[in-house]
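Down below is the structure, laid out as structure tokens.
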């Protein structure tokens, strides 16, 4: 017999069991696609400006080197500010910026203090401009650095005491697009596409790997690393890409070899799931048995009391109103009286 007061609890436990089954199957099912991607910017790039503070501008030219050249890496799509030697503007005669870009004619931007004139020659890129008016600030800015801005920039300052130069070998850095996918026969392919400079790819654990580089006309490089693992106990591999703009790590699960023995770890979720299901089912069964047993026992004990209470009025009524009971009583009374009379006569 079903126990109505247990229905809600049993339904709730069954729903919980189904939910646990679905979760365990989802967790145990192997996934051949990319599992995780992490990115960490751990390379200290040069700031967008190498300019000195105004307080550091000196009038003592002996402390300023006549010519300085600096290699400066700048990340693409950022802004960059290039500075002239730290010399006060009131001591200047002419300021000239020479810009030499790859595949383009040399560009010259000049300012003459005496006439307050500016002049440009072969300068077509509108993103390369003075920071402000050249009579107030001699710095040069590049808005939204692109690959085409890779080149050499030099500031020439002419003073009564001589000429001072500061040059920049500007190296534009391009972050590669990293992908990882699995080929057949436990082979994984990791690619760092269109990076500048070329990225470096390494694997964990190490396998039988081959790396190729493809160079593009814009100066970027695509690096492709193909790696194979013969060892069957290697289930997860990690591709680590190192680059000046930051490092990235991707990992993927390899497909098991057909017929190969599965690792014991793969069965742990199913074992745990089986134990949980058996525990819940056993608990439900005990609740059902104990509840129904108590229900039947209470019903059995209450039934005789009700029948006895119901029969007593009926029996009394029958005994009082049935003529058969009256006749019997009269006969018994007559026999008793006759017995008393006989006893008295015998005594006399």
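Using the three backbone atoms N, Cα and C, a Cβ is placed for every residue, glycine included.
Straight from Swiss-Prot, the features:
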type     : residues : note
SIGNAL   : 1-24     : signal peptide
CARBOHYD : 31       : N-linked glycosylation site
CARBOHYD : 60       : N-linked glycosylation site
CARBOHYD : 69       : N-linked glycosylation site
DISULFID : 83-155   : disulfide bond
DISULFID : 107-123  : disulfide bond
CARBOHYD : 116      : N-linked glycosylation site
CARBOHYD : 122      : N-linked glycosylation site
DOMAIN   : 160-251  : domain 'Ig-like C2-type'
CARBOHYD : 185      : N-linked glycosylation site
DISULFID : 190-239  : disulfide bond
DISULFID : 209-227  : disulfide bond
CARBOHYD : 218      : N-linked glycosylation site
CARBOHYD : 233      : N-linked glycosylation site
CARBOHYD : 247      : N-linked glycosylation site
TRANSMEM : 266-286  : transmembrane segment
TOPO_DOM : 287-348  : topological domain 'Cytoplasmic'
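Restricting the recorded positions 122, 218, 239 to those with a CA within 10 Å of the CA of residue 107 (disulfide bond) leaves 122, listed by sequence position. For the domain 'Ig-like C2-type' (160-251), residue counts in helix, strand and coil come to 0 helix, 63 strand, 29 coil, using DSSP. Calculated from their C-alpha atoms, the gap between residue 122 (N-linked glycosylation site) and residue 155 (disulfide bond) amounts to 16 Å. Take the Cα of residue 83 (disulfide bond) and measure to each of the recorded positions 69, 116, 123, 218, 233: the nearest one is 69. Secondary structure at residue 155 (disulfide bond), as computed by DSSP, is strand. Looking only at the glycosylation sites 116, 218, the densest Cβ neighbourhood within 10 Å occurs at 218. Nearest to residue 155 (disulfide bond) in space, judged by Cα atoms and limited to the recorded positions 123, 185, 209, 247, is 123. For the disulfide-bonded residues given as 209, 239, the lowest number of other CB atoms within 10 Å of the residue's CB is seen at 209. Taking the Cα of residue 116 (N-linked glycosylation site) as the reference point, the closest of the recorded positions 123, 185, 190, 209, 239 is 123.
Most other Cβ atoms within 10 A: among the glycosylation sites 69, 233, that distinction falls to 69.
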